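Working notes for the structure below.
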């Protein structure tokens, strides 16, 4: 669900309602009141740091590939910064909760927690999947997406958004979104036999709480949930792309 959740930011006309870390209406169709000066300064710093963090991950991947001459098991070269910066996105829930970013707390929580779940409850917890190529697949998709997304928010907050970044934000998802979803699904699928064998995070009866939980079945349900969500969200994003970029082109004609 991580790519699907993160992509909802782009599906709304302004990349998440100005939301997850940005401000303003990226479509340019109407102006929204942004955060105050102090909040804006903080958000700019936050987005710059997050952009830099994902750039560190990108550079780490490239350096590891050049050193090894292979793309296998590159996850280990960027494991720590990936965990740090993806977990750092939890601050975006706080941004919404205190009102400095005009996005839904519930939607933002879903977006952020789905990725944190995949990082910690799947990839970190099931060591055997960390060398899978599918992990690299979603890591690359996330990395490119986040560099663009945080750059987009930074320039939007500064009221100086280059068209190239706007175009990249509303175009590259066409490839990155399916790529990320594929990596996520394959990683969860690869984790299933190990989760079942170890009984990871599962609670069986009898116990004093009279409660049971099957983590293996839970992961299967998560995978099934991609079926209705992915196509609906993907085509909605395509529709939003046409609307937003066509508006930009029309605006340029009148300048």
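Here the Cβ of each residue, glycine as well, is placed from N, Cα and C on the backbone.
Annotated in Swiss-Prot:
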type     : residues : note
ACT_SITE : 177      : active site
ACT_SITE : 184      : active site
COMPBIAS : 13-22    : compositional bias 'Gly residues'
CARBOHYD : 210      : N-linked glycosylation site
REGION   : 11-34    : region 'Disordered'
REGION   : 199-215  : region 'May be involved in interaction with TECR'
TOPO_DOM : 3-42     : topological domain 'Cytoplasmic'
TOPO_DOM : 62-80    : topological domain 'Lumenal'
TOPO_DOM : 99-108   : topological domain 'Cytoplasmic'
TOPO_DOM : 127-131  : topological domain 'Lumenal'
TOPO_DOM : 148-170  : topological domain 'Cytoplasmic'
TOPO_DOM : 189-218  : topological domain 'Lumenal'
TOPO_DOM : 237-255  : topological domain 'Cytoplasmic'
TRANSMEM : 43-61    : transmembrane segment
TRANSMEM : 81-98    : transmembrane segment
TRANSMEM : 109-126  : transmembrane segment
TRANSMEM : 132-147  : transmembrane segment
TRANSMEM : 171-188  : transmembrane segment
TRANSMEM : 219-236  : transmembrane segment
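Remark: the transmembrane segment (43-61) contacts the transmembrane segment (132-147), by the rule of 3 or more CB pairs under 8 A. Comparing residue 210 (N-linked glycosylation site) with residue 184 (active site), their Cα atoms are 33 Å apart once rounded. Counting Cβ atoms from all protein chains shown, residue 184 (active site) has 28 others lying within 10 Å of its own Cβ. Here the topological domain 'Cytoplasmic' (237-255) returns a mean pLDDT of 75 for the predicted model. Comparing residue 177 (active site) with residue 184 (active site), their Cα atoms are 11 Å apart once rounded. The sparsest Cβ neighbourhood within 10 Å, among the listed recorded positions (177, 210), is found at 210. Remote same-chain partners of the transmembrane segment (132-147), defined as residues 6 or more beyond its termini with a Cβ less than 8 Å from a stretch Cβ, comprise 2-3, 6, 50-51, 54-55, 57-58, 61, 71-72, 74-75, 78, 82, 85-86, 115, 118, 123, 172-173, 176-177, 179-180, 182-187, 190. Counting residues per DSSP class in helix, strand and coil order gives 13 helix, 0 strand, 6 coil for the topological domain 'Lumenal' (62-80).
Listed as Cβ neighbours of the topological domain 'Lumenal' (62-80) (distance under 8 Å, sequence separation of 6 or more from its ends, same chain) are residues 123, 130-131, 133, 135-136, 139. According to DSSP, the topological domain 'Lumenal' (189-218) comprises 14 helix, 2 strand, 14 coil. Taken residue by residue, the topological domain 'Cytoplasmic' (99-108) breaks down under DSSP into 4 helix, 0 strand, 6 coil. DSSP gives residue 177 (active site) a helix state.
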